[in-house]
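These features come from Swiss-Prot:
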TOPO_DOM  1-7  topological domain 'Cytoplasmic'
TOPO_DOM  53-56  topological domain 'Cytoplasmic'
TOPO_DOM  78-91  topological domain 'Periplasmic'
TOPO_DOM  135-144  topological domain 'Periplasmic'
TOPO_DOM  190-203  topological domain 'Periplasmic'
TOPO_DOM  225-237  topological domain 'Cytoplasmic'
TOPO_DOM  259-278  topological domain 'Periplasmic'
TOPO_DOM  300-308  topological domain 'Cytoplasmic'
TOPO_DOM  330-338  topological domain 'Periplasmic'
TOPO_DOM  360-375  topological domain 'Cytoplasmic'
TOPO_DOM  397-483  topological domain 'Periplasmic'
TOPO_DOM  505-510  topological domain 'Cytoplasmic'
TRANSMEM  8-28  transmembrane segment
TRANSMEM  32-52  transmembrane segment
TRANSMEM  57-77  transmembrane segment
TRANSMEM  114-134  transmembrane segment
TRANSMEM  145-165  transmembrane segment
TRANSMEM  169-189  transmembrane segment
TRANSMEM  204-224  transmembrane segment
TRANSMEM  238-258  transmembrane segment
TRANSMEM  309-329  transmembrane segment
TRANSMEM  339-359  transmembrane segment
TRANSMEM  376-396  transmembrane segment
TRANSMEM  484-504  transmembrane segment
Amino acid sequence: MGNSAKKFPPIQGGALILLTLALSLATFMQVLDSTIANVAIPTIAGDLGASFSQGTWVITSFGVANAISIPITGWLAKRFGEVRLFLVSTFLFVVSSWLCGIADSLEALIIFRVIQGAVAGPVIPLSQSLLLNNYPPEKRGMALAFWSMTIVVAPIFGPILGGWISDNIHWGWIFFINVPIGLSVVLISWKILGSRESEIVHQPIDKVGLVLLVLGVGCLQLMLDQGREQDWFNSNEIIILAVVAVVCLIALVIWELTDDNPVVDISLFHSRNFSVGCLCTSLAFLIYLGSVVLIPLLLQQVFHYTATWAGLAASPVGLFPILLSPIIGRFGYKIDMRILVTISFIVYAITFYWRAVTFEPSMTFVDVALPQLVQGLAVSCFFMPLTTITLSGLPAHKMASASSLFNFLRTLAGSVGTSLTTFMWYNREAVHHTQLTEHINPYNPISQSFYHQMNQFGLSDTQTSAYLAQQITSQGFIIGANEIFWLSAMGFLGLLIVIWFAKPPFGTQH
């Protein structure tokens, strides 16, 4: 039996700075890897002789394995120790990244991505719990702010970096960049934390719970990733996945409430702040990550931006978190955490409303970048206060389980958000396309006048119809995006009420 991490004195000085950097880099690396491959799928699929739809399994395979492994992190950490599990997971992440980079077939790449996703699961929750358990109580806010910044900034830089790599060098470097970063994280963490292992508990594994978890979460993630490709519930495959996911997840909750050694600690929801924090974080991340995917898609499909320029237009959101996170971490505890979250949700609502009324066919790069820049204020006040509220009052020995469940729900919400947003966007485009097309008929003098003008410019009626169809599609996508932005603004205003159900005091001193 090892010692509980709680018994070790806090780390101080240069070692503390190095540890913070290493754990934050581990988080950044893992979150970056979940988005960096998205824009490179056409390049990867073409290079490996596969279709685009087959290439999407490069994303799906990682997402499914990752979603399954995150919630069992708490049990694994108790069984093998938090430090040991973190070091092994990070090292295996490095190895699997290298294997992904040298893969010479799509099948091999998918297998290595499954391994990569599975070993990546424990990295984020353990980096969070190790940071909190080894920091001086008075400095935990700053540590959490710096760590949180990587969670919300990494998805922005993933498409930029992935686009640049796929455009300029071999796509394998999307994965190779993890190797030096990951090895540095392992060496620094081992040097500082090697003798600070958490308590090891030899408890039996909950086999039934594990099977239900794998089936439920795996089917749910597959459904979310493949839904649009398979036309959602018009596909028997998607219906079967949905039924299996719902049945298994309901059975999982019932089973875990009665099992003595649950693989997922449902009892954490007895904590009011944990429940409120998970709900607010999950719903907010669902909306936020949906926009992270939607805005580059809109810019590429309608405004013909390259992947790199679409990423650059979205990137200003990272400026304020980089500048303000240390300040909020240093002074945030002087005010009610709920106030910081309220400010965040209000700014989120304002920026989504801003997009809803300004996104139009003639908008410029600045029109996209400016709301992104202001939204950075919301991001700065978002993750650190919500994480603090969620974990407040929990004992140290439950921190790994709480962090893994919290991050699992956040990750799952992000998957739901991206799938739901893209589904709504394409669906609303189809609706608006039909509505707008109805106005193009022989009885509408405006449309007939337009055809006449185009004839004078030398275009035939067929060419004019093709041009109008293209314009209607673009308008449909823009209107659909604006409707989603409106709905997102309303969602954040609704969350303003929920966050005030959290109960002070807040803090990570346990």
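Note that Cβ sites are derived from N, Cα and C of the backbone, with glycine treated the same way.
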- Message: Restricting to CB pairs under 8 Å, which listed stretch, 57-77, 114-134, 145-165, 204-224, is in contact most with the transmembrane segment (309-329)?
- Response: 145-165
- Flag the pair the transmembrane segment (57-77) / the transmembrane segment (204-224) as in contact if three or more Cβ pairs fall under 8 Å (sequence separation 6 or more). yes
- Item | Stretch-level contact, the transmembrane segment (8-28) and the transmembrane segment (484-504), CB cutoff 8 A, at least 3 pairs | no
- Query: Counting Cβ pairs under 8 Å that are 6 or more apart in sequence, does the total for the transmembrane segment (204-224) and the transmembrane segment (238-258) reach three or more?
  - Reply: yes
- Any residues 6+ beyond the ends of the transmembrane segment (484-504) with a Cβ under 8 Å from its own? 272-273, 276-277, 279-280, 283-284, 287, 290-291, 294, 336-338, 341-342, 345-346, 348-350, 352-353, 355-356, 359, 389, 421, 424-425, 428
- Message: Please compute the mean pLDDT of the model over the topological domain 'Periplasmic' (259-278).
- Response: 85
- Recorded stretch, among 32-52, 114-134, 339-359, maximising Cβ pairs under 8 Å relative to the transmembrane segment (145-165): 32-52
- Leading contact stretch, 114-134, 169-189, 339-359 vs the transmembrane segment (32-52) - CB distance under 8 Å: 169-189
- Spatial neighbours of the topological domain 'Periplasmic' (330-338) far in sequence, C-beta under 8 Å, 6+ residues away: 141-142, 145, 384-386, 388-389, 499-500, 502, 504, 506-507
- Tertiary contacts of the topological domain 'Periplasmic' (78-91) (same chain, 6+ residues out, Cβ under 8 Å): 2, 5, 26, 119-123, 126-127, 129-130, 133, 182-183, 185-186, 189-190, 193-194, 196-203, 205, 400-401
- Task: Grab the same-chain neighbours of the topological domain 'Periplasmic' (259-278) for me: Cβ-Cβ under 8 Å, and only residues 6 or more beyond its ends, written as numbers and ranges.
- Result: 71-72, 74-75, 203-206, 208-210, 213, 252-253, 386-387, 389-394, 398, 401-402, 405-406, 409, 498-499, 501-503, 506
- Item | Residue numbers, six or more beyond the limits of the topological domain 'Periplasmic' (190-203), whose CB comes under 8 Å of its CB atoms | 1-5, 8, 11, 15, 18-19, 22, 75, 77-84, 86-87, 130, 133-134, 261, 397, 400
